[in-house]
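Reading through the structure tokens given below for one structure.
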Amino acid sequence: MKLFIVLVAGMPGAGKSIVSKAARDLGLPVYNMGDVIRMETSRLYGIITPETMRETSRRVRKLYGEDYVARKTIEQIKEKRGVIVVDGVRSLVEVEVFKKYAETVILAVHASPKTRFERIRKRNRPGDPDNWEDFVKRDLTELQFGLGNVIALADYMIVNEGSIEEAYRGAYNILKKLVEKNAKDNSDS
């Protein structure tokens, strides 16, 4: 069975973790690209804040290339087969790295800035902004990496302005179809 990668993209707080939960419920492995930056931030600064996360993101891409986080993620998935989910792709450069490695699709999750800000304040994850100004700075950083281009070119889109259940159902149904398609494609080969 070949590797098939579902690349999940979305602005912070859009609901990418709902896609990850649906994937896990379907038995799919999930890899979070943000974990690479969180680990590197912790190593470099000993503390994870919005500022240290932004600086680490810029620094590793400047020192090691725009594709650094994707390459580090591929190191984690290189022995995998079947459908896997990679959460947090941020640029078309990263998408190209994955496309060279395996068949891919992009699943984008979208929510308005106001909705995302409220979610981020509630989840209280290390490195998350706790005020509107930092939230906007983080959004601008994400957009500078090219995240908007990835979302614009997505193969599938979930608009997540409603309930968690609605977003989960949408994600689950899309992922289930992709798993079924992958199984059929592999049985045909």
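Even glycines carry a Cβ here, placed using N, Cα and C.
Copied over from Swiss-Prot, here are the features:
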type: BINDING; residues: GLY10, MET11, PRO12, GLY13, ALA14, GLY15, LYS16, SER17; note: ATP binding site
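Secondary structure at ALA14 (ATP binding site), as computed by DSSP, is coil. For the binding-site residues listed here (GLY10, PRO12, GLY13, GLY15), the lowest count of other CB atoms within 10 A around the CB belongs to PRO12. Sequence-ordered, the extra residues of this chain that approach the ATP site, with Cβ no more than 8 Å from the Cβ center of GLY10, MET11, PRO12, GLY13, ALA14, GLY15, LYS16, SER17, are VAL109, ALA111, ARG116, ARG119, ASN160.
Cβ-based crowding with a 10 Å cutoff singles out ALA14 as the top-ranked of the binding-site residues MET11, ALA14. With respect to Cβ neighbours within 10 Å, the binding-site residues LYS16, SER17 differ, and SER17 shows the lowest count.
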